[in-house]
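According to TrEMBL, the features are:
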type     : residues  : note
TRANSMEM : A:6-25    : transmembrane segment
TRANSMEM : A:32-55   : transmembrane segment
TRANSMEM : A:67-86   : transmembrane segment
TRANSMEM : A:116-136 : transmembrane segment
TRANSMEM : A:156-180 : transmembrane segment
TRANSMEM : A:187-206 : transmembrane segment
TRANSMEM : A:212-232 : transmembrane segment
Amino acid sequence: MTVPVFFGCAFIAFGPAFALYLFTIATDPLRVIFLIAGAFFWLVSLLFSSMFWFLVRVITNNRDESVQNYLLIFGALLSVCIQELFRLAYYKLLKKASEGLKSINPEEDIAPSMQLLAYVSGLGFGIMSGVFSFVNTLSNSLGPGTVGIHGDSPQFFLNSAFMTLVIIMLHVFWGVVFFDGCEKNKWYILLTVLLTHLVVSTQTFLSPYYEVNLVTAYIIMVLMGIWAFYVAGGSCRSLKFCLLCQDKDFLLYNQRSR
Amino acid sequence: MATTRGGSGPDPGSRGLLLLSFSVVLAGLCGGNSVERKIYIPLNKTAPCVRLLNATHQIGCQSSISGDTGVIHVVEKEEDLKWVLTDGPNPPYMVLLEGKLFTRDVMEKLKGTTSRIAGLAVTLAKPNSTSSFSPSVQCPNDGFGIYSNSYGPEFAHCKKTLWNELGNGLAYEDFSFPIFLLEDENETKVIKQCYQDHNLGQNGSAPSFPLCAMQLFSHMHAVISTATCMRRSFIQSTFSINPEIVCDPLSDYNVWSMLKPINTSGGLEPDVRVVVAATRLDSRSFFWNVAPGAESAVASFVTQLAAAEALHKAPDVTTLSRNVMFVFFQGETFDYIGSSRMVYDMENGKFPVRLENIDSFVELGQVALRTSLDLWMHTDPMSQKNESVKNQVEDLLATLEKSGAGVPEVVLRRLAQSQALPPSSLQRFLRARNISGVVLADHSGSFHNRYYQSIYDTAENINVTYPEWQSPEEDLNFVTDTAKALANVATVLARALYELAGGTNFSSSIQADPQTVTRLLYGFLVRANNSWFQSILKHDLRSYLDDRPLQHYIAVSSPTNTTYVVQYALANLTGKATNLTREQCQDPSKVPNESKDLYEYSWVQGPWNSNKTERLPQCVRSTVRLARALSPAFELSQWSSTEYSTWAESRWKDIQARIFLIASKELEFITLIVGFSILVFSLIVTYCINAKADVLFVAPREPGAVSY
């Protein structure tokens, strides 16, 4: 759909992730490393899930349209499970790493805290997931044509861009909540994350009803965002203080109470 | 999925399985782009118009390097053009033109407003009995024949007879937008459906976006003229490690054979006299590699093939006093490439037969559209100003008439007054030496061919039609009336050549076979992939035949399909099947009585055996050879020559056409603005949250929620 659409959709999908990266990750090299490691873990999870999906396809060896469709849904759900599995694996790895670092240097506090790592890993997962799912569509948006000649919705690129945006943000929030659940050994949290991920994934198969898709996804994102905000240590009070610019007193109060 | 079972434990096995599945996964991912399939519908059965260059001009069409996109507008009558030229609100337009509107007037109008035209797609029309279309010029090959302002000025530039009266010269114009031919009716239907769904507004008002659009890619690399593009290619190939050649000269091979074998390693003695029978092999049209050429080329060379077969069957061939050379010139459409090269080779001793050896010259022009049995004999008035040549021509015409007397279905007629020669290879020979020659044609004045060098010069143009219920094999052997008529002409030609070569006794027994003629016509005009063509070709050439008619455009890679098929057909019709084995066939020097200097040996597929399980190949011995047909201008590097043909074809990278929907410019900019604002907004919010992170989160943390 030409260059303006390419840049527009790229900014929509990756704008917030870029902003987050620029202001929070890029300043510290250690965070960059953890971000890239998180992205790599997501890639490996995709590799495994695609391998399983392909094996299943080859084994069933059925050319029937509906069977292929069911296999695709099965593959997507399996991929969600494997992604969450790899999130758990990354958590375990980070836990071991931070314990190892602490044993070497018990006084210094150079390693980021687990909450920070949760956020970084979530962002890593999100960026990789977004890039992988959207880059192909983005490159096609550079051409002169737009979707629609076979009857699909002409808003395909915009919808994909907004969906990618919501997936990236959701991965960030899921990361925060998931790691918190692992830290506190609250397994129901892990299950909730898995379930919401499954819901978001499954309802994308409802296309071309893009509006239902997007609205549901954004609602889930807002809910997860609020949950992650509380898990990360925010509260209504701190938000009020921040917005009303009464931060100095709050900081002093915080320092003393620590 | 196969498991790798190694002998040594599970580890290498599972690693191998992982690697295998990884590579298989990768292979599966590279299959196809599903988003691209949602957007574009490619048009596969199209023919582009490409750029050709000669010494001074460029002709043809050009697109921009990344293709030309335009909103489709279907033009079915002249009034529809108004929308494209002035009224339409969304230029540039891609015009889908009905075939019958592809005329000079319409093209002049479109050429004048290039800012509103992105390109043109032409559909095939159904030619009827009164229509005509010839994109060739009215005076073909003007300036490269014998008549010029200094020699025969009253005949030059077709002053006396306009040969191609119906020609509009479109194929020799230069267009700055791409023009494609839509060959498949189904694709045309798809395009028209897309147009009707999206491009028609309510009650004549402007249609709303998204609109159906088409993109044509046919970017040509060569510009201005042959001299420029050859110079650029030359510089590239001399100085560059990775040379970028921009054009190629049009070249191919002439097919020639002798009635009595001659030693090709040396030249002929000057006292050996040769009668030349010539015709042309090629045609062209406005579009690249579409050249059915039924009347302009195929009928003529098929007739000559049949005449060659008939003459070879005469009993006393080996004792004739003169030899007969059958030659099929390639590239005559483009200022006599083949014949000018042969004359040049003859003059410079590079061809076994020399100009001095030529006794007389009989050429077959267009012969399939005879009215009332007349076959006209055209001769050159300028060379006949010389008394001896005049007498020789007189004898030649008398011999022809005598031979023609035995065939009542063909009436040989002389022209009433002196007239120029029609465009023919004889003209190039007369440029070099005054020989007595005649051109046999079905027209006395201008051509009877209403579709000279166009896409409509097909089998229907010469009334070659087959009943619908027959199978292809039955069609192959079905003798049409046209085939019978051409066989009669071939009989006349064969008898005349026999008498010219000095034969007397068996003239009336020489008869051309209508079965051969009809099989050749079927193969060249209807379906090349038939059993007879397959049996006469070599094994590795069998893929050159497909289920459609052969196209007789000279092209730049040689030899073309037509040249090969004519070569092998002539070998089959005039040669002999020998008992040599395959190895002997490839190297007959060891075999006694066989000589590679005198003959050509080819190992052909042969017919199927009775069970149809395998073929019975054989070694065919004939005197059929190929002679290079590249214009002497390129041999001498005289790229702006006016003496020899300088036609060259541009190179290109990508030729394709596709349709898709396009969105309005406003929607695109809205998308860009929305994206930009989201980016700026998220930058601002992130900065603020980052700055206030200590306040927002009890433990130092980076921002999480972007609250809506």
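Keep in mind that glycine also has a Cβ here, set from the backbone N, Cα and C atoms.
Given the structure is predicted, the values throughout are model-derived calculations rather than measurements.
When the stretches A:32-55, A:67-86, A:116-136, A:156-180, A:212-232 are ranked by Cβ pairs under 8 Å to the transmembrane segment (A:6-25), first place goes to A:156-180.
Under the criterion of 3 or more C-beta pairs below 8 Å, with sequence separation of 6 or more, the transmembrane segment (A:187-206) and the transmembrane segment (A:32-55) do not qualify as touching, having fewer than 3 such pairs. Within the chain, the transmembrane segment (A:156-180) has long-range Cβ neighbours (under 8 A, six or more residues past its boundaries) at 1, 5, 8-10, 12-17, 20, 38, 84, 87-88, 91, 114-115, 117-123, 125-127, 129-130, 133-134, 137, 141, 146-148, 189-190, 192-193, 196-197, 200, 204, 210, 213-214, 217-218, 220-221, 224-225, 227-228, 231-232. A contact links the transmembrane segment (A:67-86) to the transmembrane segment (A:32-55), because at least 3 Cβ pairs that are 6 or more residues apart lie under 8 A.
Within the chain carrying the transmembrane segment (A:32-55), a Cβ under 8 angstroms from the stretch's Cβ atoms is held by residues 21, 25-26, 71-72, 74-75, 78-79, 82-83, 85-87, 89-90, 94, 112, 117, 120-125, 127-129, 132, 175, all 6 or more beyond its ends.
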